[in-house]
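Trainee: The structure that follows is given in the form of structure tokens.
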Amino acid sequence: MKTLLLALVVLAFVCLGSADQVGLGKEQIDRGRRQAIGPPFTRCSQCNRNRSPQCFIEDRCTPGDFTCYTVYKPNGNGGEDWVVKGCAKTCPTAGPGERVKCCYSPRCNKN
């Protein structure tokens with residue numbers, strides 16, 4: 001029984017280590033240089049209003065995508081509502097009747 005438990009602990013440790021190597025683990029910080037180690041990434045809210053009226057999904061963007069964006073459309077009451085939030089390499093172009101707001105820091109399109 002102890003051998004099985006030890007094997008599971010070793011397996012979990014190996015799996016967590018390999019997840020960090022491929023970028024699936026949490027961000028690692030070099031304390032001496034005070035900067036992130038590995039491929040740079042940012043986090044943006046990523047959701048579609050049709051699927052989720054409240055946007056609570058905040059996810060890690062693909063490496064190289066440093067722009068968070070929110071697309072707005074008129075709501076019929078004289079105002080506008082967001083319809084899509086996500087990340088991209090560059091700020092997307094607004095379509096007819098749309099407005100796009102882009103920002104360039106982590107979690108900046110949350111509201």
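Cβ coordinates are placed from backbone N, Cα and C, and glycine is handled just like the others.
Values in this document were obtained by computation on a predicted structure and should not be read as measured data.
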Trainee: Based on the record in Swiss-Prot, give the one of Cys44, Cys91, Cys102 in a disulfide bond with Cys68.
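Mentor: Recorded partner, per Swiss-Prot: Cys44.
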Trainee: Going by Swiss-Prot, tell me which one of Cys47, Cys61 is disulfide-bonded to Cys55.
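Mentor: According to Swiss-Prot, the disulfide partner of Cys55 among Cys47, Cys61 is Cys47.
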Trainee: If you have Swiss-Prot open, could you say which of Cys87, Cys102 makes the disulfide with Cys91?
Mentor: Cys102
Trainee: Can you tell which of Cys15, Cys61 Swiss-Prot lists as bonded to Cys87 through a disulfide?
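Mentor: Here Swiss-Prot pairs Cys87 with Cys61 via a disulfide bond.
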Trainee: Ten-angstrom check, please: count other Cβ atoms within 10 Å of the Cβ of Cys103 (disulfide bond), all chains counted.
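Mentor: 15, counting other Cβ atoms within 10 Å of Cys103 (disulfide bond).
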Trainee: How far is it from Cys47 (disulfide bond) to Cys68 (disulfide bond), counting Cα to Cα, in Å?
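Mentor: Spelling it out, the Cα of Cys47 (disulfide bond) and the Cα of Cys68 (disulfide bond) are 12 Å apart.
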Trainee: Could you state the CA-to-CA distance between Cys108 (disulfide bond) and Cys44 (disulfide bond) to the nearest Å?
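Mentor: Distance between the two Cα atoms comes out at 7 Å.
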Trainee: Counting distance between Cα atoms, which of the disulfide-bonded residues Cys44, Cys55, Cys61, Cys68, Cys87 is nearest Cys102 (disulfide bond)?
Mentor: Cys68
Trainee: Find, among the disulfide-bonded residues listed as Cys44, Cys47, Cys55, Cys108, the one whose Cβ has the highest number of other Cβ atoms within 10 Å in the structure shown.
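Mentor: The residue with the most neighbouring Cβ atoms within 10 Å is Cys44.
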